[in-house]
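Below you'll find the structure, written out as structure tokens, and then a few comments.
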Amino acid sequence: MVLPRGIKQVLTKAPTDVVIVSALRTPICRSYKGQLKDAYPEELLSVVLRATLDKNPQLDPAAIDDVAVGVVLNELGGSKAARMAMNHVGFPSTTSLYTTNRACASSLQSITLIAAQIQNEMIDVGIGAGMESMTRNYGTRAIPVDYWPALKESPVKDARDCVMSMGITSENVAERYNVSRADQDAMAVESHFRANRARENGWFDAEIVPVTTRFQEVNKAGEKVGEEQTITVTKDDGIRAGVSLEALSKLKPAFKADGRSTAGNSSQVSDGAAATLLMRRSTATKLGLTDSIMGKFVGSAVAGCKPDEMGIGPAIAIPKILNQLGLEKSDVHRWEINEAFASQALYCVRNLGLEKAMLEGKVNPDGGAIALGHPLGATGARMVATLMHGLQRSNGEVGVVSMCIGTGMGMAGVFVRE
């Protein structure tokens, strides 16, 4: 497929466009302490998959050819549990499913793969989704424990650095590119402020699907308190209303004694799921879903960087996709850049020349992962949901989603609202 070139072509509608018909997510909740801590990742996936069908009642589930699910931490790559969850909520066995793992970009990758299948006429309709329960599956901190011993002693530094703690990569970015502790804390405060404003104003409501699940309260020792409850979760629970710069400045460094990254200016460990329904525009017309079209997927790109500063990935991937599409930064109305750490998010904003856009509320206008959380496999699709609904509210047209990727990569996708 030939990519569109220039803003005029990017905005032009064509029957072969890959359009987005719905973009939904669960609330994103704190791992271990939050309201979804007792839910299973495939349980959360089942909720957004069922909600996707319910939002489009005129769409026969059998018309959905394939489902791609981004997931990072699940046993067996999550493929069997995800397939079970899909069938459990009303999809026929004729709908196929696979999982994909590109670390923090896994569900942006799943959306990209479904879009590519549609563009190449392998399928007509598909879902790009993501799921993660870091409560259940983050025991090794996403670092492998059983792998070829020769790699641990590899003479190639970049090979050894692929298992470097993400927190240390954050410190590397802060040190190498002069991102101060004060600036990181200030970004964190702004992330919580924006996310809380969005939550209080109901701006997330259209993208969030309520989750009814179990919840067992525990004390600080992990002991059960009271009886297990059935609760319905409707809001993100990691946002800290009223958090202050003074409070964040008192937190100790989390990854090295003299470091600048803390629990307060890093993304939260979280649980959640998200799903994006895509199809060819001509298929949407045939199925009577034209009025449900939110926008379209335009393209995405992945770029590599050194593993020990993986956080700079968006600063490489964003220019790559903009160049491929012949777009200028001024063509973009909204940017969603994942806040894995304030250090790398700030570096990327500065390197891309987006400081003014940040101040104007065009970069992460409703907060980012520092406030909302970062359920690894679900983050990309969560960001797409936030982007598309946000563009609808602001009447913006072009949006970018981007994130850094552990082991040294960045990914960026371009979307258009209609």
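Cβ atoms are placed via backbone N, Cα and C, with glycine included.
Among the features that TrEMBL reports, domain 'Thiolase N-terminal' is placed at 18-282.
According to TrEMBL, the feature active site, acyl-thioester intermediate maps to Cys104. Over all protein chains present, the Cβ of Cys104 (active site, acyl-thioester intermediate) has 30 other Cβ atoms lying within 10 Å.
Look at TrEMBL and you will find 293-415 tagged as domain 'Thiolase C-terminal'. Summarising model confidence by region, the domain 'Thiolase C-terminal' (293-415) averages a pLDDT of 98.
Annotation source TrEMBL lists active site, proton acceptor at His374 (among others). Listed in sequence order, the residues of the same chain lying 6 or more apart from His374 (active site, proton acceptor) and placing their CB within less than 8 Å of its CB are Cys104, Ser267, Gln268, Val269, Ser270, Asn338, Glu339, Ala340.
Among the features that TrEMBL reports, active site, proton acceptor is placed at Cys404 (among others).
Mapped onto DSSP classes, the domain 'Thiolase C-terminal' (293-415) shows 60 helix, 31 strand, 32 coil. Around the Cβ of Cys404 (active site, proton acceptor), the number of neighbouring Cβ atoms within 10 Å comes to 34.
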